[in-house]
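Participant: Before we start, here is the structure in question, set down as structure tokens.
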Amino acid sequence: MAAPGRRADFSSSSAQSPGPSPAGASGGGGGGRRLLRTQTVGGNMGESIFDSEVVPSSLVEIAPILRVANEVEAGNPRVAYLCRFYAFEKAHRLDPNSSGRGVRQFKTALLQRLERENDPTLKGRVHQSDAREMQRFYREYYKKYIHALQSAADKADRALLTKAYQTAAVLFEVLKAVNVSQSVEVDQAILDTHNKIEEKKKLYVPYNILPLDPESTDEAIMQYPEIRASVYALRNTRGLPWPKENEKKPDEKKTDKDLLDWLQAMFGFQKDNVSNQREHLILLLANVHIRQIPKPDQQSKLDDRALDAVMKRLFKNYKMWCKYLGRKSSLWLPTIQQEVQQRKLLYMGLYLLIWGEAANLRFMPECLCYIYHHMAFELYGMLAGNVSPMTGENVKPAYGGDEEAFLMKIVTPIYKVIEEEAHRSKTMKSKHSHWRNYDDLNEYFWKVDCFRLGWPMRADADFFKTPKLAYPNRLNGEERSAGSVHWMGKINFVEIRSFWHIFRSFDRMWIFLILSLQAMVIIAWNGGTPSDIFDSGVLQQVLSIFITAAVLKLGQATLDIVFGWKARTNMSFARKLRYVLKLVSAAAWVVILPVTYAYTWTNPTGLARTIKDWLGNGHQPSLYILAVVVYLAPNMLASGLFLFPCIRRYLESSNFKVITFMMWWSQPRVFVGRGMHEGPFSLFKYTMFWVLLLAMKLTVSFYIEIKPLVQPTKDIMGTPIRTFQWHEFFPHANNNIGVVIALWAPIILVYFMDTQIWYAVFSTLVGGIYGACRRLGEIRTLGMLRYRFESLPDAFNKWLIPSDAHKRKGFRAAFSTKPSKSPSDEQEIEKRAARFAQMWNLIITSFREEDLIDNREMDLLLVPYCKDRELNIFQWPPFLLASKIPIALDMAADSGGKDRDLNKRMGSDPYFSYAIRECYASFKNIINTLVSGQREKVVMQEIFTVVEKHINEGTLIKDLHMRNLPALSKKLIELLELLQTNKEEDKGQVVILFQDMLEVVTRDIMEDQELGGVLDSIHGGNSRKHEGMTPLDQQDQLFTKAIKFPVVESNAWTEKIKRLQLLLTVKESAMDVPTNLDARRRISFFANSLFMEMPNAPEVRNMLPFSVLTPYYKEDVLFSLHNLEEPNEDGVSILFYLQKIYPDEWKNFLERVDRKTEEEVREDETLEDELRLWASYRGQTLTRTVRGMMYYRKALELQGFLDMAKDDDLMKGYRATELMSEESPLMTQCKAIADMKFTYVVSCQQYGIQKRSNDPCAHDILRLMTTYPSLRVAYIDEVEAPSQDRIKKIDKVYYSVLVKASVTKPNDPGQSLDQVIYKIKLPGNAILGEGKPENQNHAIIFTRGECLQTIDMNQEHYMEEALKMRNLLQEFLEKHDGVRYPSILGVREHIFTGSVSSLAWFMSNQETSFVTIGQRVLANPLRVRFHYGHPDIFDRLFHLTRGGISKASKIINLSEDIFAGFNSTLRGGNVTHHEYMQVGKGRDVGLNQISLFEAKIANGNGEQTLSRDIYRLGHRFDFFRMLSCYYTTIGFYFSTMITVWTVYVFLYGRLYLVLSGLDEALATGKRFVHNSPLQVALASESFVQLGFLMALPMMMEIGLERGFRTALSDFVLMQLQLASVFFTFSLGTKTHYYGRTLLHGGAEYRATGRGFVVFHAKFAENYRLYSRSHFVKGIELMILLVVYEIFGQSYRGAITYIFITVSMWFMVGTWLFAPFLFNPSGFEWQKIVDDWTDWNKWIHNRGGIGVAPEKSWESWWDKEQGPLRHSGKRGTVVEILLALRFFIYQYGLVYHLNITKQYNKSVLVYGISWVVIFSMLLVMKTVSVGRRRFSAEFQLVFRLMKGLIFISFISTIVILIALAHMTVLDIFVCILAFMPTGWGLLLIAQAIKPVVEMVGLWGSVKALARGYEILMGLLLFTPIAFLAWFPFVSEFQTRMLFNQAFSRGLQISRILGGHKKDRATRNKE
């Protein structure tokens, strides 16, 4: 931690700031700067408010004192000084030797500050002595804060009171210390006050959701009868035997003690754990209680049904475990009815308390069952009053109830075992078999033997033994001897690195594929049509497949024994017996079947002949059939059961001994994975899917791949070839077997791979059909939205508003075509309209707050908040009605009395008539409101009557002169403008406007009408009365005195004016509103989702409560200004970049903050935060995630309001609630219900450390908490405490802490800091396994509710989607497959990073198709959706009792998310997928980030392949579901790998044929043309390679959701932007990392970074990242292709070569150059030059300890070999065998040299080639030794030596050319021959590094390796440098990579950047 000195500040005294400033704090990061500027207290001392947090962890106790000092500083500096002085003294007492980290610096800084502040504060002191000063201040504080607040009851005041009590307590502590030091007595009155405060302080502790102290009973949330009932039930402690020490404390009132307090006293749980679980349990029970139907009779009494419901879910796993082990559960209920409820609550409380304190043991659910089993039994004993036979006292728990007894004596010993094993996992990098992971330790409790552990647990039990030295065990106090340490080994399963796992886990699938292949080959060989199978001879041959099956089964049985060997010590006898019997029976069948088969033939050949010779002749065909029938009997039984899944489920889940004995043979008995079979309909669906798919695959394989190959194969085998072009070791071999293998190998590989292609095709079709059925994409454009908008309020009220049966009936009537006009219906329709308006407007305003739309668009989109009673029509949003009125006016003016056109238009466009009606009604309404004079009212009435008469008769246009309407409209618009300004001085103008309008109407429009006497009164009724001059005051023209103006404004009135003005003035159609693409997508998706099927919404009070949990480590919380403005090397800053990518949103932002330009925003300091937020909401920051998730709360508050509001409130609208004070009863209730239903916990693992080191992130997290008061932050606190151990000075103690923002009133001078709610001690560091799941696990205890949504740090949410959450949660209450309730609800995601660059666009399309169509098919029909990262919602109680929401073992659970899905499925859960709600998600955006991400996923899949979960799923699913599971998890990666293998196998086969001369012999003989099946095979390979597997579902999904035309254009555009290059490249990434993980391990979590990639990656960086995964392989393939071309060209046409190898050349080019192609500014000359110097420096730097791989090639090279070192013997052998392929080149090519032609293929030639290689290596070694030995002293000798070597080399070449006729081609071929050999030698040397080091040749190996790397670098660099010469290449690349706006911006910025550089150089000169 940086020195906690005071932080340099921006105020006056920063110059005197003592102590070093913490790293990253002093003004550097804008993150800190802003906070400092606002939070300096009073500006007097220039110290940051945050300094109270920057305290070393060992002095954490003084933080509250420093907080108080900061708080009171403004009011009384001297008191603040005394507080700090006291803090200094206390710090000295706590750590007198300053041994803690950072303590010395802290004390020094504090002391310097005290010295500085002493004199100034003395001057400001009022009293003479400090003691008096303190007493005076204490009294004042009490009066001002505590006395004043005590009477107030609201929530904020309670929070302030809590804080005031804490502050007062600290002040008293300081006061006492000051008085003691000055020997003054403390005043008695003050002592009394203090005692009172202490009492209150105990009650008023900071709380999370429920304030449970006696004085808070009148808070809104405590008013709920259900909560009161739960609290009351928990407080029923009647008849509990309290321990003696509790009875001795009379001061504690027994009344407010509850059941959990009793459990704490008896079992020794931690206090905060008890408080946490108390709230948890109360909320859980209350929420279930609320939902009970019919409603309980007494709301105040806890309903037994609710209790039973929670209990059933909480103990389901425990009861299953008891049954599985054959034990009775410990849940005994008393006979007396009154005690039952109490007992149930005790059992539940006990479980939750154990779970809440179990720390890492939560990953081991059955371990918790074991602990609970014993503790519940003890609980029962105590309550039954059992007496100990020894002491005669009541039974006590084995571990006593001392403070922290549970943690120290039960959790810690087991934790220590986990810790030891985890420590070994770090030393045994890749060997999972050498340490026990969480699963192993948990599965120990799956055997009855676990009870041998005993209770209290035996310290010497096997379980506690770890292979290292035994640690002194604190279990029962005694030390454990380090004697016989017998490590118990793995349990049930051993994770061994091997490709065989793929066969072992999915053996049924491989056996099926192999047998099908065999059968097809036999049929093709014997005739070639499937009907041939009825020929008895063919059938006989086909039946031989069962022999193959028996052999494969034997392989499987052998693998089981080999792989399970290390777990043998823990296996039960039955299980070992099963393995042995399986092996024996498999071996027996391998003998029986071939023997009986031999007897089916009359005159056999081959092996069958031999068998007959041994065993005697005979012919009994039926014997084999009988054997096969017996062999297949178990399979027949299984397939019979497959048709009746319910029987299968029952048999597997049963614990009856008879049944378990019967099932023993088919499956080893394991606690999980029993009875996972689906309902019959699901079964039918996925079976049909796979039957069709396999039929299709096998048909195509047979007719296109296998059958065409048979004839050529027969030809080849028929005529052996004897002419070779190399030395052939087996010249007389029959059948040309090498050729056959080379021919068939690629085809067979493709046969095993192409199911993946068929899966892609079928899943695309099925997914598309399903999506269409689910009504996806019905509304995908704004046009469609407009068209369907009329039915939107309908759909809205149907799904989003709770309705009971009665309402539903009214609902149909309300929106049917002929609504009945009864008043109640009328009112119902009004209410619906009001509700729709509330929600719609909330969505639109959230768009505005997010800057997706501007103010004008917002006005056009809003609906009036409530129906205007006076208008009596439904008002649609103006964007639907815009431009309709001006068009109508024009049409009317031009109509000439004909109304046909207008009517037609009104008929075709309903909004046309809506607009006209609304406009007329509003006009009439406004006129009537304004006109107050009696006479004028009559006139108006008369005119309107005439108009309405014409309307009713339909003669309006015919009889009135419409051409003058525009004039009237113009006057009306002027009037509206005046009404908007509403100023007194405009009254005259308003009157004249009225008169003008009247004139237009009466004179022009209605001139022919009979207006009778009315018009007289208008035009001159007065003139007859007075002939002479009239006095002014009597001359009242019409309207002069009769207008109410200015108007009394109200919301509704201004809204009406604004709306009418929009209708009249918006000329252009609002077709493109909103213009922002994101807003369009969201609004269309939302509208569309309302027409999908979803459960009906319950009322908020009846919905399932849920939590959201986000794990956070060290990512960006909020961009600092420094981050935003810092330019990269191109001069591009993040802010500039964002402005270019989101130009419209930037414009809307400027409009929102009312500024014109960026400069104006910069000038205003108050907008600095707004700017940072604007940018952060567009990055992948925590702020964005939190804002999105807090929409849930907003939505719940609104929905709560709509549920609870009375009709008149509803009609006033939610706008009214927005204006209502926060404290109105209705709003308080809405907030309370939201609290009850929703909790958001962000687990900021490092927050405590960040806070102490003054990290800007901590400030930003704190700001989030203050912005969203209901946000909770959990973190792991690491505190240093003095150690009991003498050797160690300091122990680290770890806590799980939950904090919230401390509430302050806005004008309060105090700080906004956090306050701790719960602090639960942990047994040690929580992070033992993978970081993210451990982080989730520590925070999960602070979540609430029955559901838990896991949200990652790169996600966001939307207001409109949050409204659908309560519908989604209802899915938990429906069985989706007719068998089981869902345990995880999948939700679709929208990838929001697609707009960044073309790569990001490919990635986002690929991801989108996976999270939509991919998962839709997985969930239904295939039923194998798991959990893939994050918006999924977990059934919280289900997972809380079954090991949590992810698995955390190091490395094996690298993809921790999917294991949650595996675990859920294996434990009888059910994962569904829902498409009517979506969550935003960010993805990686640059090639290097994407590759790291793909590498992480591939590594994760490699580890899954080894895992027990995949093994169990592969064996426990039925055949077809197993296929689904394989092809959608590891099968996808394995198929990808086979694709690459196909290319290798094909090319090496060609190499063999070309170099041996077989190819030429075959081609020249013209006997054999074998291209068509090969072309099919290679076509399917390139199908995968080019990314069409990804493209199919992608196209389908885009087509469904955005239209197939869009899909097609997107596809073409993607190809133009080189998508296939990207997909081919990522194929290499997947293959490399998947294969490497399976062979050698080396999987690790890779932080991919979530930033914006606009920077250029250096050449060396790309080289490091891709050299092994792509470059080396690309060069190898290139050499293969070149050799194939050179030596095969003489007899083969160029066309076939190109046709066959084009996709391979494409792959080579892509693997070598894609990283540079997708690298921003990759072809810019200046960058290229810099890259080259950088690369040179890197390659020549020396490595060594502590040199980073980024700094030196040697370090990197060593790190690359890391996995090899850990991979064990198997890995080394495989590596050496693979390296041997590089020697083929040399062997084949030396015979093709011109020199060697005369030596006639002798083996000597090959020998001599090795002599040449070794002599070359020797020369190199000589030179390097010479350089070391001679270069310093004997410089001349060394130079002579080098000269001699050079001359001899040249002369050798000359002699060879002259005498041996060597050609230039020979030299080239030599290079091709010898380079691979050198590389092969290198690989072997690396694999056997220890041996090479012993011999002392490692240095030479390193030198050789460096030479190869330099050559590869040159090979890659040259073409790039060449292209960089042409400036247009760089332009093209930028265009291709980035969107238009940004590439334009980038060009401009480069120009500016150029100017800057020029200026800078000029300045230097």
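Cβ from N, Cα, C; glycine included.
As listed in TrEMBL for this protein:
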REGION    1-38  region 'Disordered'
COMPBIAS  11-24  compositional bias 'Low complexity'
DOMAIN    342-458  domain '1,3-beta-glucan synthase component FKS1-like'
TRANSMEM  509-526  transmembrane segment
TRANSMEM  579-602  transmembrane segment
TRANSMEM  683-704  transmembrane segment
TRANSMEM  733-751  transmembrane segment
TRANSMEM  1525-1547  transmembrane segment
TRANSMEM  1607-1628  transmembrane segment
TRANSMEM  1694-1718  transmembrane segment
TRANSMEM  1773-1791  transmembrane segment
TRANSMEM  1803-1820  transmembrane segment
TRANSMEM  1840-1860  transmembrane segment
TRANSMEM  1867-1888  transmembrane segment
TRANSMEM  1908-1929  transmembrane segment
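Where in this structure would I find these features, and how exposed are they?
Facilitator: Sequence-distant contacts of the transmembrane segment (509-526) (same chain, six or more residues past either end, CB-CB distance under 8 Å): 502-503, 532-533, 535, 537-538, 541-542, 544-545, 548-549, 552-553, 698, 701-702, 706-707, 709-710, 748, 751-752, 755, 1519, 1522-1523, 1526.
Tertiary neighbourhood of the transmembrane segment (683-704): same-chain residues 516, 520, 523-524, 530, 642, 645, 677, 751, 754-755, 758-759, 762, 766, 1420-1423, 1518, 1520-1521, 1523-1524, 1573, 1576, selected by CB-CB distance under 8 Å and a gap of 6+ residues from either end.
Counting same-chain residues at least six beyond the ends of the transmembrane segment (1525-1547), those with a Cβ under 8 angstroms from any Cβ of the stretch are 502, 506, 509, 745-746, 749-750, 752-753, 755-756, 759, 1414, 1418, 1422, 1424, 1426, 1458, 1498, 1501-1502, 1504-1505, 1510, 1513-1514, 1517, 1574, 1577-1578, 1581, 1584-1585, 1627-1628, 1630-1631, 1634-1635, 1677, 1680-1681, 1684, 1704, 1707.
With a threshold of 8 Å between CB atoms, the same-chain residues lying at least 6 positions outside the transmembrane segment (1773-1791) that come near it are 725-727, 1548, 1551-1552, 1554-1556, 1639-1640, 1679, 1683, 1764, 1767, 1801, 1805-1806, 1809, 1813, 1869-1870, 1872-1874, 1876-1877, 1879-1880, 1883-1884, 1886-1888.
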Participant: With helix taken as DSSP H, G or I, strand as E or B and everything else coil, how many residues of the domain '1,3-beta-glucan synthase component FKS1-like' (342-458) land in each class?
Facilitator: 81 helix, 2 strand, 34 coil
Participant: Which one, 1607-1628, 1694-1718, 1803-1820, 1840-1860, 1908-1929, has the most C-beta pairs under 8 Å toward the transmembrane segment (1867-1888)?
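Facilitator: Maximum Cβ contact count belongs to 1803-1820.
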Participant: Averaged over the whole of the domain '1,3-beta-glucan synthase component FKS1-like' (342-458), what is the pLDDT?
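Facilitator: For the domain '1,3-beta-glucan synthase component FKS1-like' (342-458), the model's average pLDDT rounds to 90.
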